[in-house]
Amino acid sequence: MAYPFELGFQDATSPIMEELLHFHDHTLMIVFLISSLVLYIISLMLTTKLTHTSTMDAQEIETIWTILPAIILILIALPSLRILYMMDEINDPSLTVKTMGHQWYWSYEYTDYEDLNFDSYMIPTSDLNPGELRLLEVDNRVVLPMELPIRMLISSEDVLHSWAVPSLGLKTDAIPGRLNQATLTSTRPGLYYGQCSEICGSNHSFMPIVLELVPLKHFENWSSSML
């Protein structure tokens with residue numbers, strides 16, 4: 001989860017988020033190198049009064065600054081497209097959960113079970129127990145099995161919402177009348193927090209998301225107790 005004064009991303013808990021972190025580092029290094037080169041050239045031009053007349057109209061330089069940016073864009077586009085295809089790929093999910101956004105709470109339905117659904121509201125600050133997180137705790141957590149592919153079907157009953165869990169690399173819009181899907185896989189158990197990431201009204205800040213990833217045996221026990 002996020003911490004105060006955090007400068008980087010949350011720790012990755014899914015293969016997709018790990019790929020996104022690597023891609024971020026890759027593109028950031030390219031931006032750093034380009035910025036350093038531009039600043040060096042600017043400082044060189046400002047600190048010298050000499051002008052190289054042959055560079056004012058040189059075919060070689062024009063060729064270089066046409067081909068080099070094209071190569072850089074390809075180096076950015078290829079890993080980006082690879083990650084996009086990975087995020088869209090859903091092969092034989094072990095579990096499907098339908099998520100509906102409301103003003104201002106989430107409702108969940110486990111479609112593989114006959115009658116397993118619930119609403120998830122934020123716990124008010126006055127009702128929190130010691131150690132619980134303000135504006136992030138909910139009355140009903142979404143319990144899911146770890147290390148298994150899970151399909152999330154996401155939509156909305158009223159206005160635009162966005163279902164987002166940063167540590168899992170998830171952010172999917174909840175649009176009325178449209179069903180979007182996302183793949184979720186966690187490599188380790190734990191509690192993972194998110195929030196609605198689309199301004200949806202006066203209580204937009206009070207729509208937390210809490211996923212509890214547990215071993216498969218614990219999930220089976222939980223689902224049996226909920227039915």
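Quick reminder: no glycine exception, Cβ is built from N, Cα and C everywhere.
Quantities reported herein were computed from a predicted structural model and do not represent experimental measurements.
Feature list (source: Swiss-Prot):
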| type | residues | note |
| --- | --- | --- |
| BINDING | His161, Cys196, Cys200, Met207 | Cu cation A1 binding site |
| BINDING | Cys196, Glu198, Cys200, His204 | Cu cation A2 binding site |
| BINDING | Glu198 | Mg(2+) binding site |
| TOPO_DOM | 1-14 | topological domain 'Mitochondrial intermembrane' |
| TOPO_DOM | 46-59 | topological domain 'Mitochondrial matrix' |
| TOPO_DOM | 88-227 | topological domain 'Mitochondrial intermembrane' |
| TRANSMEM | 15-45 | transmembrane segment |
| TRANSMEM | 60-87 | transmembrane segment |
**Asked** Near the transmembrane segment (15-45), which residues from the same chain, at least 6 beyond its ends, have a CB less than 8 A from one of its CBs?
**Response** 9, 72, 75-76, 79-80, 82-83, 86-87, 166-170, 183, 185, 187
**Item:** Close approaches to the transmembrane segment (60-87) from elsewhere in its chain (Cβ under 8 angstroms; 6 or more beyond its ends)
**Value:** 15-16, 19-20, 22-23, 26-27, 30, 34, 169, 182-183
**Asked** Around Met207 (Cu cation A1 binding site), how many other C-beta atoms are within 10 angstroms of its C-beta?
**Response** 27
**Asked** Can you tell me the three-state DSSP label for His161 (Cu cation A1 binding site)?
**Response** strand
**Complete:** Least crowded of the binding-site residues Cys196, Cys200, counting other Cβ atoms within 10 Å of each Cβ, is Cys200
**Prompt:** Within 8 Å of the Cβ centre of His161, Cys196, Cys200, Met207, which other residues of the chain have their Cβ, at the recorded Cu cation A1 site?
**Reply:** Gly101, Gln103, Trp104, Trp106, Ser162, Ala174, Gln195, Ser197, Glu198, Gly201, His204
**Message:** Residues other than Cys196, Glu198, Cys200, His204 within 8 Å, Cβ to Cβ centroid, of the Cu cation A2 site?
**Reply:** Gly101, Trp104, Val159, Leu160, His161, Ser162, Ser197, Ile199, Gly201, Met207
**Request:** Can you check how the pLDDT averages out over the topological domain 'Mitochondrial matrix' (46-59)?
**Result:** 68
**Item:** Cβ-Cβ neighbours of Glu198 (Cu cation A2 binding site) (radius 10 Å)
**Value:** 18
**Prompt:** Where does His204 (Cu cation A2 binding site) sit in DSSP terms: helix, strand, or coil?
**Reply:** helix
**Fill in**
According to DSSP, Cys196 (Cu cation A1 binding site) sits in strand
